[in-house]
């Protein structure tokens, strides 16, 4: 096959995604202090994005060096599983953030740990089921007219994935609206109790809302174009449209470590310790609620 520059870009993107998220996975896995529900969910997100990056690399390698229908099904299944798990992990993190504010007094309890494991099981169980569908026979290899914009996925399969994404996005949007309301109410109460000036209350509230807007805006700008195109396009559309919409979606896995992991002070301390020994190998950790991350 002639080398497609878009495939090269996706492969390079997959390499960067794999390196970034591999760092997060290793840090969380080898640091005993990172066993809180918040870090488990961040670890799930990093693992999903790591698999997505590896899937992009394998897809490039197999398409140009080992072309095969069976191998194509495996790589596409891996990509569907990993990206579905990534989006689902973002939803789980949003739910955890909301509950940490809504039920602040009972958040640090065994029930929270149990709930986190349940969310992880549901996240990866559903993602693996979605990824196994092409391998189990729900593909368009024998019926090209039923193909979607991504071969060998069927049009109906991609529609289900797109509808699921819109449902996840709607839930996340609603939860972040509720989080904004709680943040504004808490900031106002603190300002009243400590006799802060109105300007200080305004600055604190604006900063919190801006952070949430960046998180949700980044997620939407990366995934919405591809999700909409999955509903409207089919196999007859130019492949260029698929690449143009899919590349921003993959970039979300590149941005996730920056938003959810590298901004965390505890993870920063461990990274600095590993890189240059700027901190003690066993820095003191304090429990932080997800809303602080």
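Glycine is no exception: its Cβ is also placed from the backbone N, Cα and C atoms.
Residues or ranges marked as transmembrane segment by TrEMBL: 6-31, 38-66, 72-95, 116-138, 158-177, 209-228, 240-262. Look at TrEMBL and you will find 20-260 tagged as domain 'G-protein coupled receptors family 1 profile'.
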- Message: Counting CB pairs under 8 Å, which listed stretch among 38-66, 72-95, 116-138, 240-262 touches the transmembrane segment (158-177) the most?
- Response: 72-95
- Taking 3+ C-beta pairs under 8 angstroms (sequence gap of 6 or more) as contact, is the transmembrane segment (240-262) in contact with the transmembrane segment (116-138)? no
- Message: Three or more CB pairs closer than 8 Å, sequence separation of 6 or more: does that hold for the transmembrane segment (116-138) against the transmembrane segment (6-31)?
- Response: no
- Taking the transmembrane segment (72-95) as reference, the highest number of CB pairs under 8 angstroms among 6-31, 38-66, 209-228 goes to 38-66
